[in-house]
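For reference, TrEMBL has these:
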- 28-285: domain 'G-protein coupled receptors family 1 profile' (DOMAIN)
- 12-37: transmembrane segment (TRANSMEM)
- 49-73: transmembrane segment (TRANSMEM)
- 93-116: transmembrane segment (TRANSMEM)
- 128-150: transmembrane segment (TRANSMEM)
- 170-190: transmembrane segment (TRANSMEM)
- 229-256: transmembrane segment (TRANSMEM)
- 262-287: transmembrane segment (TRANSMEM)
Amino acid sequence: MVAGDGSFTSKVILLPIRLILIAVIILGNVTTVKAIFKNRRLQTNTNLILCSLGVCDIINAFGLFGFIVRTFVIPELNCSNIYIHDLLNVLEIIPIAISLSHLVAIAIDRYVAIIWPFQYSQHFDQKMIFALIISSWITGVLMLTTYGWWFINWDPTSCRSPIPAVFDYIIKGGFQFTMTPLLLILYVQIFNVSRQQRRKIHAMDVQMTSQQSSDQEKQNKSKRKEYKAAVLTLVVSLVATGLWTPYFILTAIVYLGFTSPLINVFLQIAIGLGYCNSAVNFFIYVLMNSELRLAFREIWGIRRPSNAGGPNCVMVESADRSSKGTTF
């Protein structure tokens, strides 16, 4: 990851912000992982992948700490620190690639659940989900292996970076700009089919008798839950893509030789935006998932006032606590 310069503005303004961001990333994702592990009813297929994504985001926070070390502790490259500088660079990139692989795994999970619901219920058990999760982590191992070849064959007397700039950007930018269209294609298909299903559900609700409606209620409710899960994961994917894309575009500009103090400032901002992705998922879950929101409140010890909202509010919360359904 291109670090930019260690200017006075960066040290005074950006350093405290990034330290706060590290704390927010760790706190939010630890809460998410703990909530899913503690509540069996939250351990749906989608949530298990989101839990693994939370672990990756926690690791990403340490990658941000490595970026701070490169930017503010060893901002000036020389023969004595260029190796550790590039090693930290690689260790920052790996969790980003793993996060993107998790987004693809989530999209595949939602795609099968929406497009082929019967096959999903038969074949997409937790073993299949764990296989998707493991494959996402293997992506990081493979990337680390490709970078490792350059470190092993590096000549310390050359006083040059062991990683060629072209190779570095092909791995980073190529992965980003390959996976992003794949995500978009999957979600376009998901929502096309979801829209058709919702129209059919609406038509059946209008035409069916009360007895038929009762028979179809479970199936329709399941489809609505899958749709809500797809909406949540789409938001997570779009936010991740939107926050990281400026960094990859600016990195390409820098690698093409277009550098200036202004570009370095924008690059610093773009890196910060990218790492914000690891922090915002927690807030997306809070806004869009009532059961995760309830689990977060329990972990943080936040209780609703007993008289807030009157008896109906208490009854709703009691119903939430006793619910044994899936998350969505």
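Backbone N, Cα and C atoms are what each Cβ position is placed from, and that goes for glycine too.
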Considering pairs 6 or more residues apart, do the transmembrane segment (170-190) and the transmembrane segment (12-37) have at least three CB pairs under 8 Å?
no
Going along the chain, which residues at least six beyond the ends of the transmembrane segment (12-37) come within the CB cut-off of under 8 Å?
43, 47-48, 50-51, 54-55, 57-58, 60-61, 64-65, 67-68, 72, 268, 272, 275-276, 278-279, 281-283, 285, 292, 295-296, 298-300
Note the mean pLDDT of the domain 'G-protein coupled receptors family 1 profile' (28-285), expressed as a whole number.
83
Taking contact to mean three or more C-beta pairs under 8 angstroms, with sequence separation of 6 or more, is the transmembrane segment (229-256) in contact with the transmembrane segment (128-150)?
no
Report, as numbers and ranges, which residues of the same chain sit near the transmembrane segment (93-116): CB under 8 Å and 6 or more residues beyond its ends.
1, 45-46, 49-50, 52-53, 56-57, 59-60, 63, 124, 129, 132-133, 135-137, 139-140, 143-144, 171-172, 175-176, 179, 182-183, 186-187, 189-190, 193-194, 197, 226-227, 229-230, 233, 236-237, 240, 244, 274, 277-278
